[in-house]
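To keep things clear, I will list the structure first and then write my remarks on it.
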Amino acid sequence: MSNPRNGDTKPPCLPRNGLVKIPTQPNGLGSASITKGTPAVKNRLCQPSSVPAILSPVLAHRSDLPIPSLASPLSLATLAGVASPPGASLVGLNTSESSEQASPERLPGSPSERQLAVDEKILNRLFWYFSACEKCVLAQVCKTWRRVLYQPKFWVGLTPVLHTKELYNVLPGGEKEFVSLQGFAVRGFDGFCLVGVSDLDICEFIDNYPLSKKGVKSISLKRSTITDAGLEVMLEQMQGVVRLELSGCNDFTEAGLWSSLNARITALSVSDCINVADDAIAAISQLLPNLTELNLQAYHVTDTALAYFTAKQGYTTHTLRLNSCWEITNHGVVNMVHSLPNLSVLSLSGCSKVTDDGVELVAENLRKLRSLDLSWCPRITDMALEYIACDLHKLEELVLDRCVRITDTGLSYLSTMSSLRSLYLRWCCQVQDFGLKHLLSMGSLRLLSLAGCPLLTTTGLSGLVQLQELEELELTNCPGATPELFKYFSQHLPCCMVIE
């Protein structure tokens, strides 16, 4: 990917889901990563930081200062602030661990420049310009920089991702000890993603993380072997958890949900868990009266389950994502719209049995919707778009990826929607240049994705320069997107990020 407006060398692209992966280090701790807490940045790629030049007079010409390149790999030791292996310049938490770090007296330049480099008022403003990975590296420079960077304000919205092998140090005798998580506590992390963990690993985490009992608000378990007993202990011990995610966890059962779910949970995500079916939804509906968000990917959930939600949840629940729930039909949509009338975010992505009639039910009954995802629904046609345009006047985001029966006629209906800001038409194989002309009147559009639309030509795409308020345009795998077209966009859409 490149930005035709900027010829400078760009930093490495972040993955689209916001995950910042830190490669494996030779210290035996494996790899670590930090994931951003909100999906709003999922398409903000390759954005270079605008860093003030305050560092240049002090650090630019110092070759022996123990700060690696900002693109250097970081281990879990760096992120967590634990002792580093011999010869590595990693930040510890006590004086002995950081004795080799640069002190203000060792910094280059005049006394005034050295004072400037450790002025905490300046550093508190400067460090906002750096990414999470860069902050991890900058915390290695000296104790002053570490003290400033370890303030919780610099880590808000980030979630550490820890794999099983990263949770233990192997001692010389072959025994294992749980790593110190004090560095995470200092920075105030209130959410964690644990990958591949067992019941025992979770118990060790609870015992070793100082904030686990009250301070952890969000916990995500992925590809883990947690059982009913482990799930019950975790939610009983971690009294602060209000957001729970279970992904690829196949060892707990529906009975485990019945015994462990607590009324304090307000957001729940369950995906790729083979034991989840209608009874699991019954447990969720009866045990979580304060549920505001439910994300569900379950192949065995049927229409019946969508009638289980209580009147209280109908009032509080504003987000429902049913992804690849293949058994859901229009009858399930009827149950859902009557049970949860206050939804503002709805995803039926991959619910392949839902048809235009189901979308009509959504449009007529869920007038508060601001985001609707109908991607991978092959039975959706232009008629569904007419229902959406007529009734969903507050809709701001519409996802129609892989809706292969959508044509230019459907886009003509959408052109009347004055509130729509984001429109995704990836791999809509019948959309042609004439359909794009309907979109040119949509002054509210800020994001438009046409990735993989094979019938769009360079001529048709060039007309998009009329959308002067457009901030992001995705043209990946578009045959009509030529180098000349990108150059044309860089000249006539200077404020738009064009994704090739």
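Cβ coordinates are placed from backbone N, Cα and C, and glycine is handled just like the others.
These come from TrEMBL:
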- 24-36: compositional bias 'Polar residues' (COMPBIAS)
- 92-102: compositional bias 'Polar residues' (COMPBIAS)
- 264-337: domain 'F-box/LRR-repeat protein 15-like leucin rich repeat' (DOMAIN)
- 343-465: domain 'F-box/LRR-repeat protein 15-like leucin rich repeat' (DOMAIN)
- 1-36: region 'Disordered' (REGION)
- 90-112: region 'Disordered' (REGION)
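Taken as a whole, the domain 'F-box/LRR-repeat protein 15-like leucin rich repeat' (264-337) shows an average pLDDT of 95 in this prediction. Residue counts of the domain 'F-box/LRR-repeat protein 15-like leucin rich repeat' (343-465) by helix, strand and coil are 42 helix, 15 strand, 66 coil (DSSP-based). Note on the domain 'F-box/LRR-repeat protein 15-like leucin rich repeat' (264-337): DSSP counts are 29 helix, 14 strand, 31 coil.
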